[in-house]
Amino acid sequence: MNYDIIVIGSGPGGYVTAIRAAQLGFKTAIIEKESLGGICLNWGCIPTKALLKSAQVFHYINHAEDYGLNKVEGSFEFPNVIQRSRGVANKMSKGIEFLMKKNKIDVILGTAKVQKGKKVSVTDKDGKATEYTGTHIIIATGARSRELPNLPQDGKKVIGYRQALSLPEQPKSMIVVGSGAIGVEFADFYNTMGTKVTVVEFMPNIVPVEDEEISKHLEKSLKKTGIEIMTNASVESVDTSGEGVKATVKTAKGNITLEADIVLSAVGIAANIENIGLEEVGIQTDKGRVLVNEWYETSVPGYYAIGDIIPTQALAHVASAEGITCVEKIKGMHVEKIDYGNIPGCTYCHPEVASVGLTEKQAKEKGYEIKVGKFPLSASGKATANGNTDGFIKVIFDAKYGEWLGCHMIGEGVTDMVAEAVVARKLETTGHEIIKSIHPHPTVSEAIMEAAAAAYGEVIHI
Ligand SMILES: Cc1cc2nc3c(=O)[nH]c(=O)nc-3n(C[C@H](O)[C@H](O)[C@H](O)COP(=O)(O)OP(=O)(O)OC[C@H]3O[C@@H](n4cnc5c(N)ncnc54)[C@H](O)[C@@H]3O)c2cc1C
């Protein structure tokens with residue numbers, strides 16, 4: 001019942017923290033009320049990518065002729081596509097169970113609540129409460145789909161991401177509210193499978209955190225695939241009384257009514273800060289997130305928080321990195337603070353989007369004199385061989401010292417390429433060093449080297 005470290009929540013924040021803690025010799029327990037792996041493995045990163053893979057394979061089958069193959073008419077049973085995605089998620093969750101055993105971490109199933117005196121009370125599914133004590137308590141309870149007051153989710157006609165990942169039937173039409181990574185990925189999946197999709201975005205651009213040129217290019221690409229996109233538009237109300245849903249959408253030209261089988265609300269997340277004992281212990285929150293310092297200590301000594309519950313980027317790799325930093329600091333190791341300016345962000349629609357660092361607008365706002373280089377994938381041999389030439393690479397360097405300020409990519413496979421920019425930026429690599437780093441041919445990654453060369457007037461293939 002006494003542990004060095006108790007972790008609450010087993011998402012990519014919690015389970016990674018627990019493994020690192022066990023590696024460092026701490027007696028560790030992890031508490032989970034639902035499924036090991038949290039949102040990421042069960043209802044987020046992994047099952048969405050499984051659905052998108054099915055959609056991509058379906059797309060390739062239907063475009064077999066583009067590759068010199070005989071024409072094929074792809075077909076599918078929607079429940080089987082969902083079942084594959086659920087199977088992938090379940091397999092990953094089982095993998096976490098194995099990792100917990102391997103690292104001798106006690107898994108406690110139940111709902112946790114922190115208490116004063118570094119105690120945690122856990123209520124199991126039969127309502128039985130047990131108390132545990134930890135020298136250090138790390139809260140990683142994550143987040144859930146955010147609900148807007150004018151877009152209440154009933155789980156049937158107005159749904160969140162969990163239902164979108166497990167619908168029993170494919171809707172004929174869908175309105176996706178919000179065009180961040182989650183909204184755009186679902187829009188791409190459902191559209192590719194044949195659902196008529198309309199995306200409604202409040203901001204002037206879709207994927208609003210991305211560089212404007214990337215957002216504009218993605219909008220064009222998605223429109224070409226048949227997705228209808230409305231920017232500068234907001235859903236004011238929904239009427240679910242009829243067979244489908246009628247959504248009143250405010251646009252610059254006035255209100256219009258859209259009709260669809262289903263509305264997917266993808267307007268962000270709300271942190272799980274309720275009923276976990278924060279007020280009783282005196283842990284401070286602000287704007288719905290737990291406040292922490294750079295070592296993830298909350299306002300009360302001995303209690304820490306990481307992942308989606310704190311006000312940093314809500315991404316799986318951020319949650320994991322925060323957990324590792326947190327326990328290494330507890331151990332007394334010499335730890336580097338996380339550089340939140342060097343976190344890659346990826347959207348796995350088709351074409352994919354990946355970026356790290358400053359956008360062109362941000363770089364200019366910060367007063368940098370910049371050199372910008374771009375390279376279209378239509379000039380890449382590998383992208384042409386792949387039949388995926390839609391997209392480009394954009395790199396931004398500081399004109400004075402050559403610092404790589406930002407890398408923005410759109411195209412097939414770019415989510416697997418962005419790590420190059422992350423490492424290079426971490427090592428303070430300059431533009432010229434990128435140009436002189438020989439990239440393998442033929443790969444799409446050559447486009448990064450060429451984009452860097454374009455910034456310095458040395459590009460070869462355009
Ligand atoms: C549809 C979707 C797609 C996504 N795709 C990506 C992606 O491609 N890449 C990416 O980086 N991120 C992605 N994310 C975001 C990513 O899933 C989150 O950033 C990540 O899961 C956060 O990890 P976490 O450990 O903080 O919390 P979570 O993963 O939310 O885990 C928290 C865990 O705590 C448990 N818990 C909560 N309260 C209690 C309690 N009182 N007692 C015990 N257990 C409790 C929950 O059951 C849950 O298992 C996606 C999210 C969604 C919704």
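Positions of Cβ are set from backbone N, Cα and C atoms, glycine also.
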| remark: Among Gly117, Gly127, Gly254, Gly268, the candidate listed by TrEMBL alongside Gly178, Ser179, Gly180, Ala181, Ile182, Gly183, Val184, Glu185, Glu201 for NAD(+) is Gly268
| request: Sort out the sequence-distant neighbours of Gly180 (NAD(+) binding site) for me: same chain, 6+ apart, CB within less than 8 Å of its CB, listed by position. | output: Val207, Pro208, Val209, Ala266, Gly268
| Taking just the CA atoms, what is the gap between Val184 (NAD(+) binding site) and Asp308 (FAD binding site) in Å? | 20
| query | If you measure from the Cα of His441 (active site, proton acceptor), which of the recorded positions Cys40, Cys45, Lys49, Ile182, Glu201 is the nearest? | reply | Lys49
| request: Determine how many residues of the domain 'Pyridine nucleotide-disulphide oxidoreductase dimerisation' (343-452) DSSP places in helix, in strand and in coil. | output: 39 helix, 31 strand, 40 coil
| task | From the recorded positions listed here (Cys40, Gly178, Asp308), select those whose CB sits under 6 A from an atom of ligand 1. | result | Cys40, Asp308
| query | What residues, ordered by sequence, lie under 8 A Cβ-to-Cβ from Cys40 (disulfide bond) and sit at least six positions away in the same chain? | reply | Gly11, Pro12, Ile46, Ala316, Ala319
| remark: Check: min Cα-Cα distance from Lys49 (FAD binding site) over binding-site residues Gly178, Ile182, Glu201 goes to Ile182
